[in-house]
Amino acid sequence: AKMAAAASELLTGWCLFGMALLAILIFCWVYVRKYQSRRESEVISTITAIFALAIALISSALLPVDIFLVSYMKNPNGTFKDWADANVSRQIEDTVLYGYYTLYSIILFCVFLWIPFVYFYYEEKEEDDGNTCSQVKTAFKYTLGFVTICAVLLLIGAFVPLDIPNKKNSTEWEKVKLLFEEFGSSHGLTALSFSISSLTVIGMLAAITYTAYGMSALPLNLIKGTTSAAYERLENTEDIEEVEQHLLRIKSKCRDGRPLSSRDRRTVQQLEERLRTLRRRERHLETIERSWWTKFCEAVRPLKIVWGVFFIIVALLFTVSLFLSNLDKALHSAGFDSGFIILGTNLTNPLNMLLPVLQTVFPLDYILITTIVMYFIFTSMAGIRNMGIWFFWIRLYKIRRGKTRPQALLFLCMILLLIVLHTSYMIYSLAPQYVMYGSQKYLVQCLNTNAHSRGNKGVRSLPAVVVLFAFLLDQCIVTRTYLFLHKFWFFSAAYYFGNWAFIAVFLIGLIVSCCKGKKSVIEGEVDEDDSDMSDDELSVYY
């Protein structure tokens, strides 16, 4: 009966996993097709973008699954369940660890090989429309640099351990042998962890740039809404009339045969460009005003406001919790040399207080963690969409509905892959003990002053004691996520300072978003460098 029940639970789990995977793939396909340019879309770039985006979303779901599995193996009284013996526990741990191995290896493959190759292939295709073989060779040549960087990171992580015994009488061969023995004992975990941590630092910079801004811009844009299409059409018509009158005044100077001055010719050229842009805006506004989608958005406007309020509450909860967690590290950690790591929680934060309460009602705590992770991903998407893709002060690409180039979509997916890697550490910063142990409890001997009550066994939840105590008792299982987070103290120190930068950028973005007015209903849809052919894609969306 127990075997049948276990098999039934396993089958149900696999069915839910399959449904979630199918939902992720459908969402990725819709998202990529929504933003990619119809005139420049390519099969390989589309498949690559969908695959990379799906890997990003699946990787973000590993953290809640990891926490659930280590918690599910124990009873509320602190004892292990009957089926969760040492072998089963080890199998579950290995399965999750292999899942991390697989997904993180795929991320390395995408970031260092596949996405760069596809990107450089289409860059060469735009410059040389002739020989496909030449384009492939050139793309491989540029991609080789990324592969070299990946190999260097793996070698550093594999053969440069952090803690080598200092034996003065040991020979060089013994030291080299020790390096290979340590690499073999870790099964490549250290090498992969170092490479992933290096990418996580880049993901931290992307999160500071895009996610922090998206967390403030997305909720406020939902609350404020957009301007009316009819009102914008009226203003646009007045602008068209003003530009046309200005053109007529300048052109009237040459009615008697006199040529225009160079200054007037430049002005005429600028005004004609401006007039073409305004007429494109007129066509866009007219199409949007008549579309069923605009009417539907107006009908669900109250729902958007509710979602905006909910998102801003989540953002404030996230930011306050992150601030208190970082403040706790600043006051009670061992400092920079330890990576600002602390054992236990001295300053509690709203999220740390909320999770133990939600643990009493299954599965509210997992829903909250999943909500925060997915919120982190979707605000990152919103930040990238609103800001575009930048290289320092140079704007490389814009993310626009139906007009995004294949290279821009590849950049977007790569940035999301890097941000997802940083998500696990952000959640760990908010609730370190929960991320390490979930809702596990353990048995502890309670020693009271009353002699009759000595030796009674009690049950405690992990957040109530020092984490090291749980290690000594050997009664709780640590999540596999933690193994990838704190292998190297200097990465932890970088994440600590990155959290302060994240909070600062979020507050700046919140102030800027509050001061800005409503967005245009065609925000980012019409630019001066657009061609008139781009207007033909309007009917796909409106």
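Heads up, the Cβ atoms here are built off N, Cα and C, so glycines get one too.
Residues or ranges marked as transmembrane segment in TrEMBL: 12-32 (among others).
Sequence annotations record features per position, and here TrEMBL assigns transmembrane segment to 44-73 (among others).
What TrEMBL records for 98-122 (among others) is transmembrane segment. Counting only same-chain residues 6+ beyond the ends of the transmembrane segment (98-122), those with a CB under 8 A from a CB of the stretch are 42, 44-45, 48, 51-52, 55, 58-59, 62, 135-136, 138-140, 142-143, 146-147, 149-150, 192, 195-196, 199, 406-407, 410-411, 413-414, 417-418, 421, 480-481, 484.
Taken from TrEMBL, the feature transmembrane segment applies to 142-162 (among others).
The annotation transmembrane segment is assigned in TrEMBL to 189-213 (among others).
What TrEMBL records for 261-288 is coiled coil.
Only residues 6 or more beyond the boundaries of the transmembrane segment (305-324), in the same chain, are considered here, and those with a CB under 8 A from a CB of the stretch are 215-216, 218-223, 225, 347-352, 371-372, 375, 379, 426, 429-431, 499, 502-503, 506-507. Summarising the annotation, TrEMBL assigns transmembrane segment to 305-324 (among others).
Taken from TrEMBL, the feature transmembrane segment covers 366-396 (among others).
The transmembrane segment annotation in TrEMBL covers 408-428 (among others).
Look at TrEMBL and you will find 462-483 (among others) tagged as transmembrane segment.
Same-chain neighbours of the transmembrane segment (490-512): 197-198, 200-201, 204-205, 207-209, 211-213, 215-217, 220, 315, 319, 322-323, 325-326, 329, 336, 338-341, 422, 425-426, 429, counting only residues six or more beyond its ends whose CB sits under 8 Å from a CB of the stretch. Annotation source TrEMBL lists transmembrane segment at 490-512 (among others).
Relative to the transmembrane segment (189-213), the listed stretch 408-428 leads the set 44-73, 366-396, 408-428 in CB pairs under 8 A.
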